[in-house]
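Engineer: So Swiss-Prot lists the following for this protein:
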- Cys11-Cys71: disulfide bond (DISULFID)
- Cys27-Cys117: disulfide bond (DISULFID)
- Tyr28, Gly30, Gly32, Asp49: Ca(2+) binding site (BINDING)
- Cys29-Cys45: disulfide bond (DISULFID)
- Cys44-Cys98: disulfide bond (DISULFID)
- His48: active site (ACT_SITE)
- Cys51-Cys91: disulfide bond (DISULFID)
- Cys60-Cys84: disulfide bond (DISULFID)
- Cys78-Cys89: disulfide bond (DISULFID)
- Asp92: active site (ACT_SITE)
Amino acid sequence: NLIQFGNMIQCANKGSRPSLDYADYGCYCGWGGSGTPVDELDRCCQTHDNCYEQAGKKGCFPKLTLYSWKCTGNAPTCNSKPGCKRFVCACDAAAAKCFAKAPYKKENYNIDTKKRCK
């Protein structure tokens, strides 16, 4: 679920940036998404959005699905059995790892999405 995703982000980035910093970034980080991603980090969010969309098509509810995971050496790893829990966990873990690698550009936080995300 979204709280677990926030915790995964903290695991992957070693707590260097609050999870909420990603909630309103670029065109895809946060609710919804459209247009061309503004940078590598925004592409991570677009991929995560697409993963959640695939989960929804499988009958899962990714924002609410509770799964089992652990933080091992700054890498989130999923422990859930196959099915919705494992699928959603994999979406979140991949995104958290992607966020940790991508540069965070303050100028892409809280942008005017109506102008920049066409």
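Every residue, even glycine, has its Cβ placed from backbone N, Cα and C.
What you see is a predicted model, and the numbers here were worked out from it, not measured in a lab.
In the displayed structure, how are the listed features positioned relative to their neighbours?
Structural biologist: Its Cβ placed at the centre, Cys11 (disulfide bond) has 22 other Cβ atoms within 10 Å.
For Cys117 (disulfide bond), applying a Cβ distance below 8 Å and a minimum sequence separation of six or more within one chain yields Gly26, Cys27, Gly33, Ser34, Gly35, Thr36, Val38, Ile111.
Secondary structure from DSSP puts Tyr28 (Ca(2+) binding site) in coil. There are 25 other CB atoms within 10 A of the CB of Tyr28 (Ca(2+) binding site), with all protein chains counted.
Its Cβ placed at the centre, Cys45 (disulfide bond) has 23 other Cβ atoms within 10 Å.
In the three-state DSSP reading, Cys98 (disulfide bond) counts as helix. A simple way to gauge crowding: the CB of Cys98 (disulfide bond) has 17 other CB atoms within 10 angstroms, across all the protein chains here.
Its own atom aside, the Cβ of His48 (active site) has 23 Cβ atoms within 10 angstroms in the protein chains shown.
Its own atom aside, the Cβ of Cys91 (disulfide bond) has 25 Cβ atoms within 10 angstroms in the protein chains shown.
Taking Cβ-Cβ distances under 8 Å and a sequence separation of 6 or more, the neighbours of Cys84 (disulfide bond) in its chain are Ala55, Lys58, Gly59, Cys60, Phe61, Thr65.
Remark: Cys78 (disulfide bond) has Tyr67, Ser68, Trp69, Arg86, Cys89, Ala90, Ala93 as non-local neighbours, by Cβ distance under 8 Å and separation of at least 6 in sequence.
Remark: Asp92 (active site) has Gln4, Phe5, Met8, His48, Tyr67, Trp69, Pro76 as non-local neighbours, by Cβ distance under 8 Å and separation of at least 6 in sequence.
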Engineer: Which of the disulfide-bonded residues listed here (Cys11, Cys44, Cys45, Cys71, Cys91) have a Cα atom within 10 Å of the Cα of Gly30 (Ca(2+) binding site)?
Structural biologist: Cys45
Engineer: Measuring CA to CA, name the entry from the recorded positions Cys29, Gly32, Cys45, Cys51 that ends up nearest Cys98 (disulfide bond).
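Structural biologist: Out of the listed candidates, the nearest Cα belongs to Cys45.
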Engineer: How far is it from Tyr28 (Ca(2+) binding site) to Cys51 (disulfide bond), counting Cα to Cα, in Å?
Structural biologist: 13
Engineer: Would you list, in sequence order, the recorded positions among Cys11, Cys29, Gly32, Cys71 whose CA lies within 10 Å of the CA of Cys44 (disulfide bond)?
Structural biologist: Cys29
Engineer: Quick check on the disulfide-bonded residues: of Cys27, Cys51, whose CB has the lowest count of neighbouring CB atoms inside 10 Å?
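Structural biologist: Ranked by other Cβ atoms within 10 Å, the disulfide-bonded residues Cys27, Cys51 bottom out at Cys51.
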